[in-house]
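Single-structure report; data block below.
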Amino acid sequence: MGFCFSKFGKSQTHEIPISSSSDSSPPHHYQPLPKPTVSQGQTSNPTSNPQPKPKPAPPPPPSTSSGSQIGPILNRPMIDLSALYDLHKELGRGQFGITYKCTDKSNGREYACKSISKRKLIRRKDIEDVRREVMILQHLTGQPNIVEFRGAYEDKDNLHLVMELCSGGELFDRIIKKGSYSEKEAANIFRQIVNVVHVCHFMGVVHRDLKPENFLLVSNEEDSPIKATDFGLSVFIEEGKVYRDIVGSAYYVAPEVLHRNYGKEIDVWSAGVMLYILLSGVPPFWGETEKTIFEAILEGKLDLETSPWPTISESAKDLIRKMLIRDPKKRITAAEALEHPWMTDTKISDKPINSAVLVRMKQFRAMNKLKKLALKVIAENLSEEEIKGLKQTFKNMDTDESGTITFDELRNGLHRLGSKLTESEIKQLMEAADVDKSGTIDYIEFVTATMHRHRLEKEENLIEAFKYFDKDRSGFITRDELKHSMTEYGMGDDATIDEVINDVDTDNDGRINYEEFVAMMRKGTTDSDPKLIR
């Protein structure tokens, strides 16, 4: 028989049956949750709008004159967004800005644009938070369950973040509309959620605000994938650092957050709360106010006995228990959760997934050799802040802590990210990234091969890379300068030099000027280029 939880607010009176055990199990009801949040500044997510297919490649950044004003947020020349995109209807509004639907003027494709008012970024911390959000979006884009980031643009009044438009609405809105689903369907949804946590942690990011509202459906199709959005509270993981600020949304906050002493394990807790809600319709710890919710979380009484739990599999309940263990050191990891029997026994699709790291390495393999060396120069000059996430990814792959990644470590690391590449394909990636042909990938080579191509938007990075080759500061890279620089890496043979010059020297004067160099570096910089994804 059905039942209804009305403790979430007197205004919610409708009952929606959801079958969560098997197709024949008795239905239970999903009661929409109120949204008490701990932190401010959350922007609303886009709702139903058409989603273009296939996924487009970003246009090259618009040219800017040397006299362009440098924006204080992004530290690069300011750009008039209206030259690139038309803004349309408002999709959501938050403390700092507004999200609009927008259209790319070059091809008519639709995206979401989060416009943040610079005058509302009063504190230095506000600016640092926005910069970090941009860096994390750049770092994580390309993952199958993370919203695609198109670019960040700054003008006199606003910072604009352009990203994929997810037109299917919020995850739980879809569940409410559907009315019922099976435990198997819940597992299919939940695997995507846990995969986001796993990939974030593997790539050195803790989300800190996982909740159903931050997962959107790509389209209105029945089998639409879901995407994680809103990384405004996310941070790069710093080895040994303990976080003390209370962030997140009340129902999903881990107990150690309330104790102001936590790490990445809080994301697993939040995901566990989401699974509990998926299977029961209510959160495990509830209250009428934030205070009473927090008290329930700290008290920690987990109910897996009363209805509907007798109809739900022991395997599902075992996973919930392991994700909601109060001691974060004993809590299951996201990687372990993905291997839990409840996740693996439901015959979820085994379709290969291309991780962002893998896609970038495939791109890198396709680049000409001058571009590879130039990227290495850029990588060597990036700040610790800019490569924080990649540093953690490298450490996760370098399992023997030797300071280099072997073929076996690369293969195992890509496998943990969901790759199904063959031995020969991984060998090709290895050879492409191993610039000095040592047989292993060192830290700089790894950063070179996997850093996000948004780094190429920074003029100062391109200038420094050009100077590395232009030894006499003539404004041109001559054949001799090219040969000298490339010989250091065993690439200085005449055939390679001819190949590079023929590819880059578009005005056929036998040398490479700065404009030709920049065009080469910015060519094909999307992480979603279908030609580079197998």
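Glycine residues also receive a Cβ, built from the backbone N, Cα and C atoms like all the rest.
It should be emphasised that the depicted structure is a prediction, and the values quoted were computed from it without experimental measurement.
The annotation active site, proton acceptor is assigned in Swiss-Prot to ASP209 on the grounds of sequence analysis. Taking the Cβ of ASP209 (active site, proton acceptor) as centre and 10 Å as the limit, one finds 25 other Cβ atoms among all the protein chains shown.
Look at Swiss-Prot and you will find LEU91, GLY92, ARG93, GLY94, GLN95, PHE96, GLY97, ILE98, THR99, LYS114 tagged as ATP binding site. Counted within 10 Å of its Cβ, the other Cβ atoms near THR99 (ATP binding site) come to 24, all protein chains included. In three-state terms derived from DSSP, THR99 (ATP binding site) belongs to an extended strand segment.
The compositional bias 'Low complexity' feature in Swiss-Prot is assigned to 16-27.
Annotation comment: Swiss-Prot describes 49-63 as compositional bias 'Pro residues'.
Taken from Swiss-Prot, the feature domain 'Protein kinase' covers 85-343. Within the model, the domain 'Protein kinase' (85-343) carries an average pLDDT of 90.
Here Swiss-Prot flags 348-378 as region 'Autoinhibitory domain'.
Here ASP209 (active site, proton acceptor) is positioned 18 angstrom away from ARG93 (ATP binding site), judged by their C-alpha atoms. Taking every pair among LEU91, GLY92, ARG93, GLY94, GLN95, PHE96, GLY97, ILE98, THR99, LYS114, the residues recorded as binding ATP, the greatest CA to CA distance is 14 Å.
DSSP classifies ARG93 (ATP binding site) as strand under the three-state reduction.
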